[in-house]
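Below: one structure, written as structure tokens.
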Amino acid sequence: CSAFLLFISIMTMFMSGVVAIFEYDLKKIIALSTLSQLGMMMFSISLGLFELAFFHLLTHALFKALLFLCAGILIHGAGNTQDIRSFGGLSLNFPLVTVCMNLANLSLCGVPFLAGFYSKDLIVELACQYSWGIFILLMMFICLMLTVLYSVRLTYLSFVGLYGGGTFISVCESDYSLTGPVVTLSFISLISDQFWDD
């Protein structure tokens, strides 16, 4: 086990999670989320769990690609603005994208029976068996909570909160070249853990 890599990965997860909570740019929030999950993979590698890190990389690639595609549709449909403060109530204008993006967010948070759960839960479960002390375990769970916090904040400000005054083009959802890949990735990110079962 590498103590230096362990410390750097924990700090990467923590700092990217804290910054994502205070960010308003949609693409930056998703990019910071990617950085946080890369920290999780490095955390797994620092514990010697190489196969689990690769497994998390594969599952994470699917639902993070889904998040970026949904974000692209929202940005395009909201008049090319990335500021989530100008969104609000998008679930009425983009119901399909709302469902798909929330599935990706739930998978990112590690909700049971979604693809992200199977890789993230194994890393957390095996990390709890290492005797690195209470600080590392506490920081790991704080980082997991930060992931949930910025995901819930993103969902609330974009889809549930009050209308922020942006201009919306709902026709985006009738364009199958946009929604087709989103629906396909949603289905794959839901069942992708079945592809890698022994």
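Here the Cβ of each residue, glycine as well, is placed from N, Cα and C on the backbone.
What you see is a predicted model, and the numbers here were worked out from it, not measured in a lab.
What TrEMBL records for 2-141 is domain 'NADH:quinone oxidoreductase/Mrp antiporter transmembrane'.
The annotation transmembrane segment is assigned in TrEMBL to 6-26 (among others).
The transmembrane segment annotation in TrEMBL covers 61-80 (among others).
Beyond its flanks by at least six residues, the transmembrane segment (92-118) meets 33, 37, 55, 59-60, 62-64, 66-67, 70-71, 73-74, 77, 124, 144, 147-148, 151, 154-155, 158-159, 168, 170, 172-173, 179, 182-183, 185-186, 189-193 of its own chain at Cβ-Cβ distances under 8 Å. Among the features that TrEMBL reports, transmembrane segment is placed at 92-118 (among others).
What TrEMBL lists as transmembrane segment is 130-152 (among others). Remote same-chain partners of the transmembrane segment (130-152), defined as residues 6 or more beyond its termini with a Cβ less than 8 Å from a stretch Cβ, comprise 1, 6, 10, 13-14, 17-18, 20-21, 23, 29, 32-33, 36, 39-40, 43, 47, 105-106, 108-110, 124.
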